[in-house]
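Noted in TrEMBL for the protein shown:
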ACT_SITE  9  active site, nucleophile
ACT_SITE  11  active site, proton donor/acceptor
BINDING   9, 11, 169, 170  Mg(2+) binding site
BINDING   9-11, 25, 44-49, 52, 76, 114-118, 145  substrate binding site
């Protein structure tokens with residue numbers, strides 16, 4: 001049997017922490033006298049922390065040193081970690097536990113390719129850390145999504161070619177990263193936004209029947 005791997009994004013695929021990111025970024029932006037709304041938050045889907053910070057700071061005219069930028073990013077992260085402190089297994093999106101169980105039963109490798117450096121903490125809170133064979137270290141990946149680096153990192157860890165891996169994403173930048181890695185892309189969410197994906201589902205609930213079994 002050919003070894004296969006399923007590589008998941010975290011936010012918006014396994015659980016929905018996007019609102020907590022929004023609140024943390026909005027608090028930071030407002031503390032700097034800068035605007036930040038839901039449209040801005042949507043633009044930052046799948047984007048790394050420092051790139052997100054630069055997007056917000058570009059709304060103003062103040063120049064910040066690298067040390068100041070790092071301190072602001074840390075401030076946002078501490079706020080975010082406080083906000084997600086109450087996450088429990090009940091926050092796992094419908095269809096994910098079924099998908100993880102099916103993947104294990106069928107001897108697939110399971111990886112996580114999240115831009116969030118807090119991914120291990122979130123997995124622990126959801127009590128599904130043990131389901132993953134490999135979790136990419138976002139801090140060690142040179143280029144963030146839409147570059148393919150993080151998905152290729154997981155494939156390398158598994159010793160598998162891209163053709164035997166599929167990625168699951170909810171952001172356009174994430175889908176672009178999967179395709180740039182020459183992998184099959186399953187999008188979760190809006191089909192218009194995720195038009196580059198090979199298949200788009202409105203939620204993770206159909207993953208087993210519509211994506212995993214046919215792959």
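Cβ coordinates are placed from backbone N, Cα and C, and glycine is handled just like the others.
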Neighbours of residue 114 (substrate binding site) among the recorded positions 9, 11, 170 (Cα to Cα, within 10 Å): 9, 11
Mg(2+) site shell beyond 9, 11, 169, 170, criterion: Cβ within 8 Å of Cβ centroid: 8, 10, 12, 13, 45, 46, 114, 168, 171, 174, 188
Within 10 angstroms of residue 11 (active site, proton donor/acceptor), Cα basis - binding-site residues out of 25, 46, 49, 117, 169, 170: 46, 169, 170
Listed binding-site residues 25, 46, 49, 117, 170, filtered to Cα within 10 Å of residue 9 (active site, nucleophile): 46, 170
Residue 170 (Mg(2+) binding site) versus residue 25 (substrate binding site) - Cα distance in angstrom: 19
Secondary structure at residue 169 (Mg(2+) binding site), reduced by DSSP to three states: strand
Fewest other C-beta atoms within 10 angstroms, as judged across 49, 117, which are the binding-site residues: 117
